[in-house]
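Here's the structure, in structure tokens; my notes come after.
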Amino acid sequence: MARASTTPTTRTDPAALPSRIGRLLGEVRWFLLLAVTIAFLTILLSYNKADPGWSHASQVDDVRNLGGRVGAWFADVLLFVFGASAYWWALLLLRRVWRGWRELMSDERVPRAATPRVDAGVTWFGFALILSASMGLEAIRMHTLHMKLPRAPGGVLGDLIGGSLQHALGFTGGTLLLLLMFTVGLSLFFHFSWLNLAEQIGAGVETLFVGFKTRRENKQDRAIGEAAKVEREEVVETRRVRIEEAPPVQIVRPAAVVKSERVEREKQQPLFVDIQDSDLPALALLDAVPPAQETVSAETLEFTSRLIEKKLKDFGVEVTVVAAYPGPVITRYEIEPATGVKGSQIVNLAKDLARSLSLVSVRVVETIPGKNCMGLELPNPKRQAVRLAEILGSQVYNESASQLTMALGKDIAGKPVVADLAKMPHCMVAGTTGSGKSVGINAMILSLLYKARADAVRLILIDPKMLELSIYEGIPHLLCPVVTDMRQAGHALNWAVGEMERRYKLMSKMGVRNLAGFNKKIEEAAAREEKIHNPFSLTPDAPEPLDKLPMIVIVIDELADLMMVVGKKVEELIARIAQKARAAGIHLVLATQRPSVDVITGLIKANVPTRIAFQVSSKIDSRTILDQQGAEALLGMGDMLYLAPGTGLPVRVHGAFVSDDEVHRVVENLKSQGEPNYIEGLLEGGTADGEGGGDGFGGGAGLAGGGAGEADPLYDQAVDVVLKNRRASISLVQRHLRIGYNRAARLLEDMEKAGLVSAMSGNGNREILAPNRNGNVVEEE
């Protein structure tokens, strides 16, 4: 009895073990399960088809599987039977590891189901559905896995399941059934409801949407509040500005023009009126300068300054007017843009600002040299006249040492503006009809006539209109009559090119660099009572002496008409003169009322650096003449932009006005001083009188070859003079035909080639070989 009673107490029941030992055994089981799971995943992930396995034989010594040969063999079996779906076994192990971890970490055991057998059966059934559906889908759909598995995708079982379903239900039907099995298997294996999952996802999406909507509404509310706050601040700031007093605008009045001593000297009555110490015309020939009048009052300047600030502020541009410079025609307001305001904004508002200020135009000056502000040029209500007499009587004009000083007018501050044509050295003038271009050219010509005598400056005037420059006909400064025929204009330019080449040859021979150096050598020789002979004389035995050479100014009133009639040849001649003629003392003044690219070509623009733009019709014309806009905003009636050479900023100048009566009085005064000394043949093309010869100059081209002298229209008259007087003398032909020395010498040389006269003897005389009226040959000296 005693032995029977003690037997049950000696058995080892796990449930009766202490809790610590039970927990220790549970941890050992969990670690073993974790190790098995890791080893399982390792041999599957490191599977290599080349390793030896159950499904194939291999003699490879180096096994790449991390589980060695056993692991390679076991992985080959799993993948051969299940395919890639063998990884679902790893999921099963991981689920058990996760459940064991929960049991270890909890103080109490995880509650089990009331019917553990039913729960385990449902789990295994769900796993079987997942595994079967996965193998079937793999066999039907995932054909690309064939290269990585020992057999076909899905393994042996997948091939059986997928092939049977595809044969029975077709490709699509089998796929749908397998997807249904996979979905049900997931629900049974993980013990979750798809409906609950859908509800949770929907609740999460709804929460995100409501949160986003709430944040957007809050952001809109904050933006509305900020806008209301800014609006309140702007209203307060606007009311504060209205009561602020703006600083007064600095008004700079134009300085008085300083008159030269010449004006005061001419006002004095000379003791002997018949004695003249100068051939220059008197300033009294011009109209008197009217008294200066105030164009804009200080109150108007202050009011306009505030109006400019207000109008620009209406357009969203904050500026401050810091200074005003009233002039004879326009007033420049210097404005300082606020921080962040671009200059292009103000430039684009020029037309709108002019309309709001009820003005014809407003010119915006983006850059003022030496200042950090911009300029607005507004026309004055009352325009003050700028007379040429005021500019010619100024100290600036009379103190200029250059004999090619031209009076342009006054700048915006009322100061006289003069320019030296010798430094330009050529000038391009453009402007529409009525812009004051012709008056400006007359002012330039009169400036030259008031500065230099006829022996220092000579003119060639080309006037296609036959109205503008014909008034100067007969003055001593002209080299030829005023040219009105455009073909003769081409001959005149051709002569100028030949004269330029001749002067360069002379300067090169004498070792000087420009015309001033040449004339200085002539003066020094004259002071020593010596003469410098022409090194290129046609009579080398008796060369003629050289004289001082005058500067030549060629004025073309309408370049467009000249280009249209004569064509491309004129462009080449103008380009040659513009490129080389500066040192030779030849200068161009080109004017046109059509500043288009076919008139002012790139070749001409490249060699004429000085530009004067009167009012033009468009921005394109302004860019053509100035390479920038601005001339389209001028006021006309002599308002111009003067672009000096070497600068990119044009200066606004109000041109000096000179009437036709003033021009007539000056011209009559000059005519009374002497007859013009025209150069014969200058307009005849190829027969112009000169030295050195050349193509189209001095008849060099027409006289090349024996007997070619008959091309000279005076050749027959020269032969008659020689035969009639029975004497072959250069001075005789020169005196009777009133031509130059060189031309007469060439005519005698042509007679020598034709056999009319003999060659020059040792004493410089020629014999006449032509028969007399009786038919006998007479030889006379």
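Positions of Cβ are set from backbone N, Cα and C atoms, glycine also.
Feature annotation from Swiss-Prot assigns transmembrane segment to 24-44 (among others); the stated evidence is sequence analysis.
Marked as transmembrane segment by Swiss-Prot on the basis of sequence analysis: 74-94 (among others).
What Swiss-Prot records for 120-140 (among others) is transmembrane segment, and it gives sequence analysis as the kind of evidence. Listed as Cβ neighbours of the transmembrane segment (120-140) (distance under 8 Å, sequence separation of 6 or more from its ends, same chain) are residues 82-85, 88, 92, 152-155, 157-159, 161-163, 165-166, 171, 174-175, 178-179, 181-182, 184-191.
The transmembrane segment feature in Swiss-Prot is assigned to 170-190 (among others); the stated evidence is sequence analysis. Note on the transmembrane segment (170-190): residues 95, 122-123, 125-134, 136-137, 140-141, 162 of its chain, located 6 or more positions outside it, place their CB under 8 angstroms from a CB of the stretch.
If you look up Swiss-Prot, you'll see 191-781 marked as topological domain 'Cytoplasmic', on the strength of sequence analysis.
If you look up Swiss-Prot, you'll see 414-623 marked as domain 'FtsK', on the strength of sequence analysis.
Summarising the annotation, Swiss-Prot assigns ATP binding site to Gly434, Ser435, Gly436, Lys437, Ser438, Val439 and lists sequence analysis as the type of evidence. The DSSP secondary structure for Val439 (ATP binding site) is helix.
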8 Å Cβ shell about Gly434, Ser435, Gly436, Lys437, Ser438, Val439 centroid, ATP site members excluded: Gly431, Thr433, Gly440, Phe614, Gly636, Met637, Gly638, Gly655
Sparsest-packed of the listed binding-site residues (Gly434, Gly436) - C-beta count within 10 angstroms: Gly434
Averaged pLDDT score, the topological domain 'Cytoplasmic' (191-781): 82
Per-residue Cβ crowding (10 Å cut-off), top of binding-site residues Ser435, Ser438: Ser435
Packing count at Lys437 (ATP binding site) (other Cβ atoms within 10 Å of its Cβ): 26
